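Structure in structure tokens, see below.
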Amino acid sequence: MAYTEQEILTGLAEIVNEETGLPTDSVELEKSFTDDLDIDSLSMMTIVTQAEDKFGVTIPDDEVKNLVTVGDAVRFITGAQA
Amino acid sequence: MTIQLNQIQPVAGTRILGVGGFRGEQVVDNEAIIGPIQSSDEWIRQRTGIATRRRANPETSILDMAVAAAGESLEAAGLTADDIDVVLVSTVTYFEQTPSLAARLADAIGATPAAAFDVSAACAGYCYGIGQADALVRSGQARNVLVVGVERMSDFIDPTDRSISFLLGDGAGAAVVGASDTPGIGPTVWGSDGSMAGHISQTTPWLELRQDQGEGVPARIAADTWPTLRQEGPSVFKWVISSIPEVARRAVAAAGLELADIDVFIPHQANMRIIDQLVKMLDLREDVVVGRDIADTGNTSAASIPLATERLLREGQARSGQVALQIGFGAGLAYAAQVVVLP
């Protein structure tokens, strides 16, 4: 069964919290991973890898640079479930 | 009539008898290299955990480095060069297609007529070497095998490269593998995935350089066309954290142990962030000793695991008889892991 966008956001927030210690409620759709959440490229890859496991999707390396905001990631994962 | 050939009788077990190391003489701090990459000491420490890296003096050759580490490992093993039947060198920074560095090393230490050959498996090369040495000794094909991982990475770097050059150091690590009544080297879990070869690679193949020169034999390769190493760091990081923990678990299981039995963890010294992430993902025992030689040696590719091992033993952080999980991974992309009993 596909995850809803809200479930993906909640799951991503947990992954970001685990990787960076940031509170889960700071992980909002419009936040930029780099500029707002101060997540560097290696941490981003950890988050991507864990998101792949959690949601059962594949996020190609070339796609990661397009995931600027949390909303970008939520939308990509939503689409990739299909 | 079927012809029956004699085959060598295998021996029961093998172990690492001794290790040795050599680090480049120069201590190069972050301040010394940040100019061309417009970086900072803080950025490098935060991204890699590296405070300094070791680089060899100009007059110190890769053979000199290998000889130094080999001599130390023979001494630690209580053996002489006469006891060595195979010399196996893992390197990607020996810039002669032939003869092998191993043959030169065998001659330099007086191990002639030992069989000698080089292995190209980059950062996985030492564990590839230990796997082959174990098989050669256990099959009865060799009494003792000298395995050397040696890299003069400073010959393969571009000071303006922000992808990998600033991580790299020069060093050599060596181990002697021989027979043992008590098995001390677990099965090697190894492999490669050449579909990702481009993630860590030489900037320009040698033949392309030759073609670029036009007619006639080029006198020299200009400094700005000299091939160096590049990597796609985030992609490599993702490959490591998504595939290497499973390789580590398989190596431990293949040795008949549980992760809780591991006393010492010695991963390739690629980047402190990778080491930290692997420790976290493997859920190792809290008191496990972790090799963190990268902080002041840098990433020395094939030399990094034996150098970290040598240091842990020399400084008393680990001791003989402890069970260590060692795992190499890098260009290829190639990987190899095995559990060993420390010498």
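One is the number of the first residue shown, and numbering goes on along the chain from there.
Glycine too: its Cβ is placed from the backbone N, Cα and C atoms.
So TrEMBL lists these for the protein:
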DOMAIN    B:117-194  domain 'Beta-ketoacyl-[acyl-carrier-protein] synthase III N-terminal'
ACT_SITE  B:Cys123  active site
DOMAIN    B:253-340  domain 'Beta-ketoacyl-[acyl-carrier-protein] synthase III C-terminal'
ACT_SITE  B:His268  active site
REGION    B:269-273  region 'ACP-binding'
ACT_SITE  B:Asn299  active site
Within 10 Å of the Cβ of B:Asn299 (active site), how many other Cβ atoms can you find? Include all protein chains, please.
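Around the Cβ of B:Asn299 (active site), 26 other Cβ atoms lie within 10 Å.
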Residue list, the region 'ACP-binding' (B:269-273) vs rest of chain: Cβ under 8 Å, 6 or more residues beyond ends.
47-50, 123, 167, 237, 240, 291-295, 297-300, 304-305, 307-308, 329-330
Express the distance between the Cα positions of B:His268 (active site) and B:Cys123 (active site) as a whole number of Å.
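B:Cys123 (active site) has its Cα 7 Å from the Cα of B:His268 (active site).
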Out of these active-site residues, B:Cys123, B:His268, which one has the fewest other C-beta atoms within 10 Å of its own C-beta?
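Sparsest of the active-site residues B:Cys123, B:His268 by Cβ contacts within 10 Å: B:Cys123.
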Between the Cα atoms of B:Asn299 (active site) and B:Cys123 (active site), what distance do you get, rounded to the nearest Å?
9
What counts of helix, strand and coil residues does DSSP assign across the domain 'Beta-ketoacyl-[acyl-carrier-protein] synthase III C-terminal' (B:253-340)?
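Looking at the domain 'Beta-ketoacyl-[acyl-carrier-protein] synthase III C-terminal' (B:253-340) with DSSP, the answer is 34 helix, 22 strand, 32 coil.
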Give the helix, strand or coil assignment DSSP yields for B:Cys123 (active site).
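DSSP call for B:Cys123 (active site): helix.
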